[in-house]
């Protein structure tokens with residue numbers, strides 16, 4: 001199965017999710033509308049208020065964590081709270097130093113520059129970013145060969161917000177230049193059910209509390225997945241029932257979509273069962289595991305594993321991956337004695 005084809009894949013997916021009007025409506029605009037991530041929200045309120053009181057641009061910010069948790073949304077909220085414009089791009093798009101220079105020179109004082117997948121910046125672009133972040137200056141080379149010379153352009157004070165799913169992949173010099181590091185965690189069921197209810201309200205979709213909770217339980221702690229499942233369950237409710245989503249309707253729809261009580265799909269179960277059946281519960285190395293299930297090691301490491309580890313189904317040890325007691329219980333398999 002291709003990772004991007006999964007219904008519970010946390011990256012943006014499909015033409016429906018590219019519908020900007022719906023996407024904008026479902027996103028919170030201000031911190032008071034933002035659900036979950038309580039510590040992060042509390043910190044941001046203080047940092048934003050302090051910057052506003054001093055009349056300064058907010059310090060540069062690095063937002064990291066698994067995909068689908070709201071890094072882009074949070075960047076937009078920061079710009080809204082500061083009352084400034086936001087310009088968005090991504091690391092792979094900025095191929096040349098001139099690409100970044102064009103963005104920086106068009107910023108107004110206090111503006112936010114948001115770079116998604118910042119860990120994928122090229123080294124050439126990254127070198128340009130250092131003086132821009134530290135001194136609000138841009139070093140430009142004029143001419144070629146022996147006649148080449150460097151000139152400095154002053155930039156207005158701005159806030160760089162970088163987002164990444166792989167904070168460890170950032171170079172140390174770049175990471176050190178972010179004054180505000182923020183890690184986003186998987187959402188609990190209570191917060192996620194509130195997000196589901198809010199999104200259903202935006203879509204004018206009737207849903208009761210138990211239906212929202214059932215959707216939240218199977219959404220892997222990820223708002224993007226919760227909103228995607230909500231749309232699919234809506235289709236089921238409109239065709240098979242009277243359009244209203246309750247626990248029974250959500251159960252039937254999600255079972256039909258092959259998403260179990262823990263939010264696992266075929267790929268998750270394949271990974272866990274490979275460790276249990278093919279490697280006797282582990283430990284198993286990442287390369288062997290990738291070969292056994294026919295996936296790239298990066299897909300396992302960055303996409304499948306984080307939620308399974310966080311929920312206690314897999315342990316990552318120096319010797320390899322191990323299936324936990326909880327994994328055996330999930331499949332009603334008796335764990336062998338070792």
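Cβ atoms are placed via backbone N, Cα and C, with glycine included.
Noted in Swiss-Prot for the protein shown:
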| type | residues | note |
| --- | --- | --- |
| REGION | 1-22 | region 'Disordered' |
| REGION | 4-187 | region 'Large ATPase domain (RuvB-L)' |
| BINDING | 27, 68, 71, 72, 73, 134, 135, 136, 177, 187, 224 | ATP binding site |
| BINDING | 72 | Mg(2+) binding site |
| REGION | 188-258 | region 'Small ATPAse domain (RuvB-S)' |
| REGION | 261-338 | region 'Head domain (RuvB-H)' |
| BINDING | 297, 316, 321 | DNA binding site |
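The residues of the region 'Small ATPAse domain (RuvB-S)' (188-258), classed with DSSP into helix (H, G, I), strand (E, B) and coil, number 51 helix, 2 strand, 18 coil.
Highest Cβ count within 10 Å among the binding-site residues 177, 224, 297, 316: 224. Annotated pair residue 316 (DNA binding site) and residue 135 (ATP binding site), C-alpha to C-alpha distance, rounded: 41 Å. Excluding the listed site residues 297, 316, 321, the same chain places 284, 285, 286, 289, 300, 301, 305, 314, 320 with Cβ atoms within 8 Å of the centre of the DNA site Cβ atoms.
Taking the Cα atom of each, residue 135 (ATP binding site) and residue 72 (Mg(2+) binding site) are about 25 angstrom apart. The Cβ neighbour count for residue 135 (ATP binding site), using a 10 Å radius and every protein chain shown, is 12. Using Cα positions, the member of the binding-site residues 72, 297, 321 nearest to residue 224 (ATP binding site) is identified as 72. For residue 27 (ATP binding site), the nearest neighbour among the listed binding-site residues (72, 297, 321), judged by C-alpha distance, is 72. Residues 27, 68, 71, 72, 73, 134, 135, 136, 177, 187, 224, recorded as binding ATP, reach a greatest CA to CA spacing of 37 Å.
Neighbour counts of Cβ atoms within 10 Å were compared across the binding-site residues 27, 71, 321; the minimum falls on 27.
On a Cα basis, residue 177 (ATP binding site) lies 30 Å away from residue 297 (DNA binding site).
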